[in-house]
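Visitor: What follows is a single structure, and I will ask about it in a moment.
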Ligand SMILES: [Zn+2]
Ligand SMILES: [Zn+2]
Ligand SMILES: [Zn+2]
């Protein structure tokens with residue numbers, strides 16, 4: 001494939017961990033640079049849970065996600081095209097990433113059916129037959145205009161086994177080629193292929209090996225964090241990052257719990273996304289190093305401490321757990337305050353990871369983090385095993 | 001705390017100055033003033049950092065006990081006042097009993113108590129209980145316990161009962177207030193009751209005007225809630241005029257509730273000094289944006305309000321008002337607002353609240369300028385026109401509709 005002009009994604013690795021597979025670097029995208037490893041908050045419908053773009057910038061978010069299926073439904077592609085893309089529509093000046101719409105469609109619409117041509121579904125509005133093809137997905141994502149787009153992939157449930165997994169893997173590769181061909185804005189947007197193959201090492205390897213033959217700017221690891229065992233999960237990540245080229249960013253889709261972020265960074269992942277930090281905020285939960293505080297609980301009624309003494313976010317600077325307890329699930333402001341804190345928490349964790357990689361003390365960082373989390377050293381075996389493979393032994 | 005005004009005539013628009021707040025000595029506020037409505041200790045939809053983006057000037061907050069009552073036990077046990085507990089210590093606060101934005105249920109009266117409606121149900125508030133709460137909250141200003149459960153339809157009997165019990169409540173509150181060490185920095189205001197009955201108002205005023213107070217809350221005209229915006233000015237004009245004529249000119253006059261901007265102007269012309277932003281809040285909850293303020297010739301908004309439930313804004317990529325300096329209008333389009341409202345995303349109300357409160361703060365700034373220049377009457381006419389235009393547009397639309405139906409049926 002011939003690319004003219006400047007690449008819409010330049011990835012530079014500044015530091016490599018000498019012990020693990022972790023790396024700290026920077027992606028230069030058309031709208032903004034992104035320091036990696038990065039956590040990307042999810043703004044499904046062109047907004048991130050009540051936060052202003054200015055607040056997201058203050059939180060140091062460099063890239064956020066939009067969901068193609070939702071955006072294509074409302075406001076719809078015509079409006080987004082007239083607006084000149086999602087950046088302008090929502091007035092977000094930094095980087096954006098969109099998914100293909102396929103996953104949302106399969107998980108949200110009962111009647112979605114996958115054929116070789118694409119995902120067949122009934123319109124939720126007028127019951128008419130519709131088809132999301134790889135070409136159509138890219139056409140929509142070209143209009144949305146995110147810095148990074150996802151290929152349409154053949155999604156199967158993570159726990160599916162048998163020939164369907166293999167079929168999906170091969171189809172994903174065929175669909176990637178159709179996506180790449182349909183891509184119209186080569187100088188502004190990058191397509192990431194998605195490594196599929198379920199929990200089968202052979203299929204995953206084959207898929208990854210096929211995908212790396214295509215000329216792309218980065219790769220995604222898909223089909224994980226869907227209810228599989230943690231043991232299967234980390235092994236698939238480890239195996240995939242071993243095959244993917246070192247000089248391209250790797251994005252692990254749908255993963256965002258603190259422990260997973262640390263371990264998968266150690267396994268060589270550069271990008272993460274998850275709805276969890278903002279979704280849990282809506283239910284009154286605040287993230288802390290040891291898990292989360294459910295501020296609805298009566299125990300916080302007279303707790304005059306901030307959520308986290310060491311947190312620098314505006315919520316922790318101003319408000320106590322006691323006050324938050326009184327307004328959670330009553331005032332929308334409580335949801336905004338917890339979203340601010342939870343995003344700040346994720347951003348701080350990623351910053352700590354990057355910094356410790358840069359200072360060649362990532363293994364020590366992991367050891368301390370896990371010890372804080374499991375003070376009696378009853379580490380789950382998958383954590384021990386995963387870390388052993390990248391030469392980190394817990395304290 | 002001190003209130004000064006240059007006004008010598010009662011029942012006239014005037015400029016006043018609130019100064020010498022004990023808690024924040026260098027705060028001053030010019031009247032007519034609009035208090036920023038809060039619920040549960042926050043400006044609805046706006047975190048404090050966003051509220052600071054909306055306005056960097058000092059503001060006075062209106063706080064209702066009904067939305068904060070459930071916090072009082074924690075505040076008391078932790079020995080922390082309201083301003084500190086909700087993290088708003090740099091703002092002066094004014095505590096009222098009921099939430100002006102939601103209708104206070106009528107009835108449920110018992111001697112010696114006021115029913116307080118919270119999200120967890122009804123609480124019976126006695127004077128002792130009330131003053132105990134006030135000592136915990138330590139508000140900068142508050143209204144004495146009162147029975148304001150009257151409106152245009154209230155019977156004579158109900159009205160005289162409300163006046164009577166409010167006088168008793170005040171008497172007891174005032175004794176406690178005067179001897180309270182904790183309330184040395186708080187100002188108590190008396191509530192003038194009497195519904196729409198001039199004789200009853202006179203009784204209430206005659207009792208309160210002898211008390212050493214900084215000012216009065218003109219209460220008992222409505223039972224709060226969004227319908228207050230539909231009360232026509234002419235319904236209240238007479239009784240307010242009567243009330244203010246009898247009250248000492250130099251004292252502060254407060255009227256809370258969701259008055260529409262035209263009524264606010266009428267009330268200001270009658271000498272009312274303090275209002276609150278319930279109206280822009282209610283407008284926001286309706287997914288509407290205020291447009292009455294802009295008087296530029298090239299303004300594309302004809303009426304006083306636009307509603308984002310209307311499909312016509314779906315592809316309108318202009319701001320609510322291109323002359324508005326608020327964060328929303330500077331950064332976002334009507335199309336985006338329409339989308340957010342359409343998919344019920346929280347940011348929709350955040351952005352609308354920013355615009356609507358900004359507009360209302362500007363409205364009061366303009367009012368004060370016009371009073372100083374003695375041009376309030378002209379300004380009032382201009383604003384009236386904006387409100388009329390909405391009705392004209394509606395009438396025209398109805399007309400075209402009927403015409404269209406006729407054409408198709410032909
Ligand atoms: Zn925080
Ligand atoms: Zn205008
Ligand atoms: Zn505005």
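Here the Cβ of each residue, glycine as well, is placed from N, Cα and C on the backbone.
Note that TrEMBL annotation is computational and uncurated.
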Visitor: Need one residue: from A:238, A:336, A:341, the one TrEMBL lists with A:311, A:313, A:316 for Zn(2+).
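Guide: Answer per TrEMBL: A:341.
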Visitor: Given TrEMBL annotates A:99, A:100, A:101, A:102, A:103, A:153, A:196 as substrate-binding, which of A:76, A:223, A:226 belongs to that site as well?
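Guide: So the substrate site in TrEMBL includes A:99, A:100, A:101, A:102, A:103, A:153, A:196 plus, from the candidates A:76, A:223, A:226, A:223.
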Visitor: Can you say which of A:240-246, A:247-253, A:254-260 is given as region 'RNA binding' in TrEMBL?
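Guide: TrEMBL lists region 'RNA binding' for residues A:254-260.
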Visitor: Going by Cα-Cα distance, pick out whichever of the binding-site residues A:311, A:313, A:316, A:341 is nearest to residue A:102 (substrate binding site).
Guide: A:341
Visitor: Give residue numbers and ranges for long-range contacts of the region 'RNA binding' (A:278-282): same chain, 6 or more residues beyond its ends, CB-CB under 8 A.
Guide: 41-42, 48-49, 292, 335, 338-339, 341-343
Visitor: Going by Cα-Cα distance, pick out whichever of the recorded positions A:100, A:103, A:196, A:223, A:273 is nearest to residue A:341 (Zn(2+) binding site).
Guide: A:273
Visitor: Consider the recorded positions A:99, A:273, A:311, A:313 and say which one has the Cα lying nearest the Cα of residue A:196 (substrate binding site).
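Guide: Ranked by Cα distance from residue A:196 (substrate binding site), first place goes to A:99.
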Visitor: To see if you understand the setup: which same-chain residues, six or more apart in sequence, place their Cβ under 8 Å from that of residue A:273 (active site, nucleophile)?
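Guide: Once residues fewer than 6 apart are set aside, residue A:273 (active site, nucleophile) is near A:39, A:40, A:41, A:42, A:65, A:97, A:251, A:253, A:254, A:255, A:256.
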Visitor: Counting each residue once, how many in the region 'RNA binding' (A:254-260) are helix, strand and coil under DSSP?
Guide: 3 helix, 0 strand, 4 coil
Visitor: Return the residues near residue A:316 (Zn(2+) binding site), defined as same-chain residues 6+ apart in sequence whose C-beta is under 8 angstroms from its C-beta, sorted by sequence, else 'none'.
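Guide: Sequence-distant Cβ neighbours: A:306, A:307, A:308, A:309, A:341, A:344.
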Visitor: Give me the long-range Cβ neighbours of residue A:223 (substrate binding site): same chain, 6+ apart, Cβ under 8 Å, in sequence order.
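Guide: The answer is A:155, A:156, A:158, A:194, A:196, A:197, A:198.
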Visitor: Within 10 Å of each Cβ, count the other Cβ atoms, then let me know which of the binding-site residues A:311, A:313 comes out lowest.
Guide: A:311
